[in-house]
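Now, the feature entries from TrEMBL:
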- A:Lys76: active site, charge relay system (ACT_SITE)
- A:Ser171: active site, charge relay system (ACT_SITE)
- A:Ser195: active site, acyl-ester intermediate (ACT_SITE)
- A:27-487: domain 'Amidase' (DOMAIN)
Amino acid sequence: LLGRASLLVSAALKEGRVAPTELCQRCLSLIKSTKFLNAYITVAEETALKQAEESEKRYKRGQPLGVLDGIPIAVKDNFNTAGIETTCASNMLKGYISPYNATVVQKLLDQGAVLLGKTNLDEFAMGSGSTDGVFGPVRNPWSYSRQYKEKSVPKSHSEDKDSNWVITGGSSGGSAAAVSSFTCFAALGSDTGGSTRNPAAHCGVVGLKPTYGLISRHGLIPLVNSMDVPGILTRCVDDAAVVLGSLAGHDPKDSTTIQDNFKPFELSDLTDVSKLSIGIPKEYHAPGLSSEILALWSKAADLFKNAGAKVIEVSLPHTRYSIVCYHVLCTAEVASNMARFDGLEYGHRSDMNKSTESMYAATRREGFNDVVRGRILSGNYFLLKQNYENYFIKAQKVRRLIANDFVKVFGSGVDILLTPTTLSDAIPYMEFIKEDNRTRSAQDDILTQAANMAGLPAINVPTALSERGLPVGLQFIGRSFQEKQLLTVAKWFEKQVKFPMIQLDEVKRHDHGVFQHQKSASFLEHRT
Amino acid sequence: MSGSVLQYCSTTFAITLCLWGHPYLNSIFLLFFFFFSLTPWVPVVGLEIHAQISSNSKLFSGSQVQFAAPPNSLVSFFDASLPGTLPVLNRRCVEAAVMTGLALNCSINKKSLFDRKHYFYADLPAGYQITQQRVPIAVNGSLSYSLCIDNKMSQMVTKTVRIKQIQLEQDSGKSLHDDVRSQTLVDLNRAGVGLMEVVMEPDMCCGEEAAAAVRELQLILQTLGSSQAVMAEGQLRVDANVSVHHPGEPYGVRTEVKNINSIRFLAKAVDYEIERQIEELESGGTILNETRAFDSKLGCTVPMRDKEGKQDYRFMPEPNLPPLILYNARSLPANMNHQQVVNIDWIHERLPDLPSVKRAKLVEQYGILPEHSFTLLNEAGLTEFFEDVIKQTQMKPKKVIGWILNDLLSYLKQHSLTVKESPVSSFLLADLLNRLEKKEISSTAAKQVFAELWKGEGKTPLEIVKEKKLQLIQDQEDLERICQAVMAIKSGNRKVLNKLIGLVQRETQGRSNPVLVKQLLEKKLSE
């Protein structure tokens with residue numbers, strides 16, 4: 001049951017085959033038995049059960065609030081949740097309980113979703129491994145899958161059998177792991193440079209980064225305001241479309257959201273791809289791209305070609321400047337956004353009380369990790385009067401060029417771009433931490449952050465398992481606000497590749513129904 | 001000191017003259033000055049004025065704006081900079097800034113931008129202020145103001161100061177330092193209140209000019225209702241940039257004078273600073289580019305605590321606010337929600353009469369002197385009071401103005417009351433003036449009635465007149481009898497006629513009609 005797509009479960013809820021409280025209980029006990037994944041920072045057991053009970057009453061009255069009513073979800077711990085701790089995996093906000101809900105959280109709750117808890121991340125979402133939070137690294141559920149265990153080279157008995165586990169990617173690693181390990185049906189992540197799509201690729205789930213401005217950022221603790229978007233992690237494309245439909249639209253509390261009304265949509269099955277033009281940006285053949293992923297990328301292109309779509313190589317010439325440019329813009333905004341954490345109004349406050357200034361300094365030294373402090377320092381450097389023109393302004397200009405690259409390509413008739421999401425499959429934690437956060441972020445965001453620069457919608461679709469038995473995903477990038485087209489194509493692709501289900505002993509023990517549904521079933525198919 | 005500074009404004013040569021007599025200059029220096037430094041100093045004054053926008057809610061949040069509310073009672077999540085909160089621009093504040101820009105002859109930017117200005121301070125919760133550094137909402141305006149020369153109301157000159165820009169920005173909270181317990185208390189009620197920063201070019205040259213310009217601005221803001229502009233409540237804050245230089249040379253190093261909380265102090269602070277700089281330079285010193293505070297008790301400026309060198313504000317575009325787009329009738333999008341747009345033309349058409357126009361109208365309509373029109377507008381509500389009286393009386397406006405300025409205003413000033421608080425209403429004053437006009441009472445008696453009315457005991461002028469027996473004696477027989485009595489004492493000497501009139505008046509406690517008395521006396525004398 002837990003392994004199903006949320007919307008199929010929604011049908012089961014509606015038909016009374018399963019009760020919201022039962023579903024919630026099962027998820028909660030699965031969270032407990034997969035605690036070693038460290039996917040959750042806070043599990044809101046009590047409130048979740050209360051919400052499930054309310055949902056159950058609505059179903060009994062025959063008045064559910066919609067398809068999400070009673071569906072257990074998880075939210076990245078950088079979204080404000082009233083009454084539930086919001087930490088950003090930082091000492092700075094440990095114990096911080098927000099008085100308000102982020103708009104996206106409120107929208108989910110208003111539609112009856114059951115909030116199980118808050119998921120782990122890199123401190124303030126700064127990272128690409130979900131390894132740099134104050135609550136420790138998130139473990140990729142696939143590390144414990146039968147698929148990975150079978151393929152990985154058996155180590156000598158003396159070695160810790162646990163040392164082989166791989167990272168989830170990040171920074172929304174907790175959300176990706178939570179969805180991947182069936183502890184929830186959908187999760188919110190955030191995506192600034194790839195933070196939703198990257199862990200989605202490594203954890204074998206769908207990760208959608210919508211167009212900038214389509215979903216409210218109010219209540220999302222910012223990393224880079226001009227690039228942040230709430231991300232959606234689900235087990236299938238249809239689910240992503242439903243969650244998107246429930247979140248999208250203007251928010252009077254976020255002036256950067258679009259004014260136009262957003263109409264939720266259902267995804268139809270694409271039968272004819274011959275009118276589609278798929279662009280393959282050659283610059284995404286980046287240094288370090290694994291041959292395995294390159295092969296998979298070509299195969300995917302062939303898949304479209306063979307089905308009659310037009311597949312053409314395109315060029316986004318400024319892509320290679322993207323990561324440096326991103327570094328400047330990101331750190332500058334970080335420096336600014338982090339200025340509010342001074343220990344006065346909320347969050348950690350140092351005992352140092354010699355002067356206000358010394359209290360500030362100590363608070364920020366104690367509250368932030370090296371990564372955050374490093375970005376604050378470089379960001380302030382770039383914003384200094386003498387550097388502003390040379391760095392910040394230049395980076396903004398380059399950003400415009402990058403965005404224009406996309407405009408040109410889409411203007412030339414290309415509908416969707418197909419690229420890899422990551423350079424390789426997930427690597428073991430012990431391997432990952434050999435390089436510092438900055439190096440890793442620069443490498444790992446390389447294929448994803450251009451979409452953030454340009455504000456475009458992009459989605460990771462799990463595609464296949466690598467030779468090591470780990471998930472590999474491909475990315476589709478669409479035109480601004482053309483989520484429907486993007487998701488329709490992604491759904492077609494998802495159907496073709498038949499990505500295998502994760503096989504986890506923990507889940508098997510908890511849910512006997514899981515493996516009877518190998519394909520990720522769609523709600524819409526079953527409803528019609 | 002202020003007397004000598006005033007001369008900087010009129011002629012530069014006068015400055016050298018007034019320095020001769022300065023007590024601090026010794027004779028050796030005077031000699032040096034005479035031979036080598038006859039060139040005068042030109043003071044240059046520019047102003048940065050922060051006007052709190054009069055609006056129900058703050059610039060970017062829904063919190064109420066209110067003076068002297070309990071500490072931290074008007075603080076939204078955004079004002080306290082809770083993580084994840086975002087600014088939402090208050091339309092009213094935009095309209096107030098557009099109005100002010102139009103009134104100051106600015107060009108309104110159809111597209112303006114918001115920026116973050118970073119600095120750490122306890123009453124700045126976000127660690128940055130949202131302001132308009134790159135492209136402000138209004139630019140390139142001007143303000144005309146008048147001031148009197150040598151404090152003579154009859155000699156008024158009109159000057160103009162250029163307005164560089166008007167920008168929208170957030171106010172900060174307030175910090176209270178408790179040195180005894182070494183604590184800082186923070187009140188965020190003011191944090192995020194909308195401000196208009198009006199930047200005036202350095203076109204002024206003395207404290208009087210600066211004061212007159214600010215007073216005119218204050219009147220304009222109050223007329224528009226875009227700010228209450230009460231300096232004592234901090235709704236209008238003025239920082240002055242002051243420098244001095246020799247004619248034909250580049251501007252001198254300037255200082256910024258802060259902590260000026262009344263217009264009177266502005267004039268004092270600027271003049272003091274000019275004098276100080278001249279003295280400093282004359283004695284071979286240099287001027288530091290520093291911030292100085294005006295100490296109103298000592299009447300001087302003192303260097304402010306050094307903020308550890310020069311601040312780099314690390315300006316950055318505010319990413320959470322799209323560009324502020326304004327429309328005019330032509331560019332107004334047809335299908336846009338009117339709640340979402342601000343139409344400059346619409347605001348322009350509805351601008352009230354500005355003080356300069358109001359003054360011209362008063363002069364024209366009522367035939368009063370220009371300087372009277374200044375006095376009328378300078379006192380809040382006085383023009384309305386004046387016009388109300390005019391409406392209710394047959395007395396000529398030229399005569400009414402005397403009563404308003406000489407009697408009402410001086411009483412108000414004596415008792416430190418505002419026009420609103422006046423115990424004599426326009427109705428009562430008009431009633432009194434009508435009785436005077438109808439010759440029911442003499443003007444001497446009218447003054448007495450006014451004094452009685454001021455007591456605010458609820459009596460009407462008529463009641464007072466009756467009670468105090470102040471009616472003008474119109475009865476010829478009565479007066480003849482009185483005059484006869486006087487005649488009995490004095491023989492008919494034409495030279496003492498005026499004295500006799502005075503005696504009659506004394507006899508009648510000023511109640512007799514002087515014209516009639518004069519006629520009667522003349523008649524008696526010629527008999």
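Using the three backbone atoms N, Cα and C, a Cβ is placed for every residue, glycine included.
Here the residue listed as 'active site, acyl-ester intermediate' is positioned 5 angstrom away from A:Ser171 (active site, charge relay system), judged by their C-alpha atoms. In the predicted model, the domain 'Amidase' (A:27-487) has a mean pLDDT of 95.
Each residue contributes its Cα atom, and for A:Lys76 (active site, charge relay system) and A:Ser195 (active site, acyl-ester intermediate) these two points are 11 Å apart. Taking a C-beta cut-off of under 8 angstroms and a sequence separation of 6 or more, A:Ser195 (active site, acyl-ester intermediate) has the following same-chain neighbours: A:Ala125, A:Ser128, A:Gly170, A:Ser171, A:Ser172, A:Gly189, A:Gly231. Counting Cβ atoms from all protein chains shown, A:Ser171 (active site, charge relay system) has 38 others lying within 10 Å of its own Cβ.
DSSP gives A:Lys76 (active site, charge relay system) a strand state.
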